[in-house]
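As written in TrEMBL, here are the features:
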COMPBIAS  1-12  compositional bias 'Basic and acidic residues'
REGION    1-22  region 'Disordered'
DOMAIN    141-411  domain 'SAM-dependent methyltransferase TRM5/TYW2-type'
BINDING   His230, Asp268, Leu269, Asp296, Gly297, Asn328  S-adenosyl-L-methionine binding site
Amino acid sequence: MPEIETHERDSELFSPPSDVRGMTKLDRTAFKKTVSIPVLKVRKEVVSKLMRSLKRAALQRPGVKRVIEDPEDKESRLIMLDPYKMFTHDSFEEAELSVLEQLNVSPQISEYNLELTYENFKSEEILRAVLPEGQDVTSGFSRVGHIAHLNLRDHQLPFKHLIGQVMIDKNPGITSAVNKINNIDNTYRNFQMEVLSGEQNMMTKVRENNYTYEFDFSKVYWNPRLSTEHSRITELLKPGDVLFDVFAGVGPFAIPVAKKNCTVFANDLNPESHKWLLHNCKLNKVDQKVKVFNLDGKDFLQGPIKEELMQLLSLSKERKPSVHIVMNLPAKAIEFLSAFKSLLDEQPCSSELLPIVHCYSFSKDANPTEDVRQRAGAVLGISLEACSSVHLVRNVAPNKEMLCITFQIPAAVLYKNQTRNPGEQFLEN
Ligand SMILES: C[S@@+](CC[C@H](N)C(=O)[O-])C[C@H]1O[C@@H](n2cnc3c(N)ncnc32)[C@H](O)[C@@H]1O
C-alpha cells in the first residue's frame, strides 16, 4: 500500500454524497460513500497495547470499527487513523513513535478504502447535506419520554418527515418525532402537534427529579425545561407545610412537595391534566397527601383555597404551617392575583403567617424584573417593590423571559375592611 503524501484533506471527507441534497423522503441507501482513510498496519498481538497509546491518532466515527482485519494478511490488523490529523509517519507525536518503536511497528501510513453508510454519519452531517446549502440545519429538540419534540423553522418544513426520521434513527430511545404547529396559546397550554415520523402514540412516561409522570403529551402541558424550577420551589417547603398549586398540570410541583410530607391542594382546568394528575399521585404513592381539583383557577382560589386558608390562618400560632401558593400559568397568572383581594373577612393573622405566592409571568420588557413587579403590584393595588423577590426562570425566546415573583400577600390585600399598615405602600388609582 502506498504511503499517503497529501498534507491537506478534503474538508467534505465525512459529508454524505452531494446527490442527497434536496432529498425529502429518506433513502438511507443514497448515503453510501467510499473514503480513503489512513491506516497503520500492525501485528495482531500488539493491537490492544498499541490502541492505548494511539487514542489521539485513531479515527472516531459513529459505527466505524477502529481496528479491522488486513485483507492482505491474516496475521495483521489495520488501525484506522484520523484523516484530519494523520498524513505521513511525521504526523505521529514523539510519545506515539516511541511506543511504536518499542512494539516494533513501522510508522508507515497507508491508505484504505472505507465504505461509509447512513449509519456512519451524524444527524447534523445528514441534515447539512440534505437541506439547502447555507441554511440553518439546527435539529435540537426537547425530549419527552419516547418523543422528540421539534420546533422547525419555515425553511425546514419541506424536509420535516426526513428530519423527524433522522432524529429517531440517531437518538436511541426516541421512537416518535413531532413538530410544534403553532405557539402554545390555547387554554390548556398543550401543543398543537404533528407527528412527523415514527409512533403516533403520544402516551408517554418521563422521569423528573426522581419522580415518574405518565400522560398523553398531545393533550396536556409538559415542559422538560422546568425541572430545575420544580425542584427550586419544592425545596422551599418544609414537612408539614401546605401547598396550593393553582395550575398544577400533571403534578411536577404537587407530587415532589407531597413526598416531603406536606399537604397539597392541586388544581387544573384541563380534564386530561386532572385525570393524569390523579393517576400520577397514585403512581408516586402520594394520593393520600394530595387533594385534586378540576376548576378554573379563580374558582379554586375563591372556593377551596379560601376555605382552607380560613381554617389554617385561624390555628394557634404554634401549629401554623407555612402556606405556599404556586401559580404557573405565565401568560395569564398575574391576572388571577386579583382573586386575593379581600378574599378573607376575619381578623388578620400575624403577618409572618400570611401565604407566600409564587406567581409566574413572561416578560418582553427591557427590564423584566421591574415589569413583572409593576404588573403584579398593579393588579393587587399595592407596590411590591420592597417586599418581593423575582427569579429569572428561563429565556423562552429572544427577548422573552419567564420569571417568578414571590411575595407574602399583605393582610391589607387579603382581608376585607383592612386599614393599611404604616409600612405598606399602596398605589394610587
Ligand atoms: C404552564 S402549565 C403548568 C403546569 C405545571 N404546573 C408545570 O409546571 O408543568 C399551566 C397549566 O394551567 C392549566 N390551566 C390553564 N388555564 C387554567 C385556568 N383558567 N384554571 C386552571 N388551570 C388552567 C393548563 O391546563 C396547564 O396544565
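Just so you know, glycine gets a Cβ as well, placed from its N, Cα and C.
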Consider each pair of residues in His230, Asp268, Leu269, Asp296, Gly297, Asn328, all listed by the record as binding S-adenosyl-L-methionine, and report the largest Cα separation in Å as a whole number. 22
All-chain count of other Cβ atoms within 10 Å of Gly297 (S-adenosyl-L-methionine binding site): 21
Rank the binding-site residues Asp268, Asp296 by the number of other Cβ atoms within 10 Å of each Cβ and report the first-ranked residue. Asp268
